[in-house]
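A.B. asks: Can you keep this structure in mind? I'll have questions shortly.
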Amino acid sequence: MPGPTMESEFPVEPQSLKKLSFKSLKRSLDLFSPLHGHFPLSDPESKKIRTSFKLNVEYGGIKGSAAEPSSNAKAGVQNQAQPASAPSNALALPGPENTRDERTGNELALGPSIPANGPTDVRFSGKSNAVVPSHGSSERNLSTAAIMERIPSRWPRPIWRAPWKNYRVISGHLGWVRSVAVDPSNTWFCTGSADRTIKIWDLASGRLKLTLTGHIEQVRGLAVSNKHTYMFSAGDDKLVKCWDLEQNKVIRSYHGHLSGVYCLALHPTIDILFTGGRDSVCRVWDIRSKMQIHALSGHDNTVCSVFTRPMDPQVITGSHDSTIKFWDLRYGKTMATLTHHKKSVRAMAQHPTEDCFASASADNIKKFSLPKGEFMHNMLSQQKTIVNAMAVNDEGVMVTGGDNGSMWFWDWKSGHNFQQSQTIVQPGSLDSEAGIYALTYDATGSRLISCEADKTIKMWKEDETATPETHPLHFKPPKDIRRF
């Protein structure tokens, strides 16, 4: 009885087309190569053909034949038999691709014949970027680096922006300046401080107009209504106050927070007020009746940033628990929770015209779309400090202020950091008092107000003398986009 054959002992493994192709090439090399055991020398004529083909593919239509005839068939075979470690050589696969040009009678080593006036329909596939003629019988990608298209970076290039410079320093507060708000008429702005006062300043001249007292702890949040003559303030004393600016006194107080109130925002269309604090709750107040409409609970730590918008989600809060929550104002429930940040989300800024917002944390500054909250991208640099405040104007200039006094300016669209400035503490202050706690633009977006730990308010504007020649744009698009 005959013994078991070799095939039954060792089952034949299925071989890929690539492996079979390489076996065929090796067999051809063994047949025709005069130097056994040596790799063939590169053929300059073949390299010239590949280079001209690549140039034609990259820079417009292919003029003439796709490939010139090589000097001898032997060199063509040697070129096909290059090892897999040399990706620049074309890989000629057995099959209908290795066709003969009917007009010249020459072998085409680079694939199917192409008309003399150029290809009629050439598509670039997303994965390998190889040229695939759609009219051919085979839709297979040609795995060769010789005809790969070099795709430019799709990252948007930032436009040139003038650097911002400090043009005014206002002193008057006796403690850290923690909050700022600009009047909708753009004539004055107010600041809240750790000295428990609220001061109102003339925007054009920087002169003090009025000082309001009433809080018994530092004033953390300020907002000015664009429909009434009201200003709202919130502080570490758990108090939320409504000031009538015609009488310059408190007309309403909103009681309910169990600890300090860290942030405050007014709804753009409805007469309601949002306050977030150390009790991990964002509370919604009816301005007129002083009643609490909702207590938006769900955060695990201090709610330190909030902004509102007319459409759902109407309330967005950021917290020390490193999450951002979207809230359904009708039911007082969470619509979505963004968990992209790893550190406290101390500042957020909504773009004035686009449906997106940015959030700042010590790990990164991220951009999200609205209303769904889809992650768009990170800013292209890391400030490497605790970011306390951020603001963005109509022209797409975003500014972030850090705990170490660093103020960075960003291009909103591309995320490029075009300026890094360091605030200078006023004489007599410690260097450790270089910290920025609040930032806002005026109504035009041409002037920036920063509130700082050295008890000053600084005003910034674009440098009119700067040009693209004096301050060139140094932009390098990112190689890979982090999707988290």
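Residue 1 is the first one shown; counting continues down the chain.
Glycine is no exception: its Cβ is also placed from the backbone N, Cα and C atoms.
The feature region 'Disordered' is assigned by TrEMBL to 67-139, 464-484. TrEMBL lists 78-94 with the feature compositional bias 'Low complexity'. The repeat 'WD' annotation in TrEMBL covers 170-211, 212-253, 254-295, 296-337.
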A.B. asks: Determine which residues of the chain contact the repeat 'WD' (170-211) at the Cβ level, with the cut-off under 8 Å and only residues 6 or more beyond its ends counted.
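C.D. replies: Hits for the repeat 'WD' (170-211): 217-224, 226, 231, 233, 235, 243, 248, 426, 435, 437-444, 447, 449, 451-453, 455-459.
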A.B. asks: How many of the residues that make up the repeat 'WD' (296-337) does DSSP mark as helix, as strand and as coil?
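C.D. replies: Its residues fall into 0 helix, 23 strand, 19 coil.
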A.B. asks: Per DSSP, how many helix, strand and coil residues does the repeat 'WD' (212-253) have?
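C.D. replies: Taking the repeat 'WD' (212-253) as a whole: 0 helix, 24 strand, 18 coil.
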A.B. asks: Can you count helix, strand and coil residues in the repeat 'WD' (254-295) using DSSP?
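C.D. replies: Helix (H, G, I), strand (E, B), coil: 0 helix, 23 strand, 19 coil.
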A.B. asks: On the DSSP side of things, how many residues of the repeat 'WD' (170-211) fall into helix, strand and coil, could you say?
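C.D. replies: Going through the repeat 'WD' (170-211) residue by residue, I get 0 helix, 24 strand, 18 coil.
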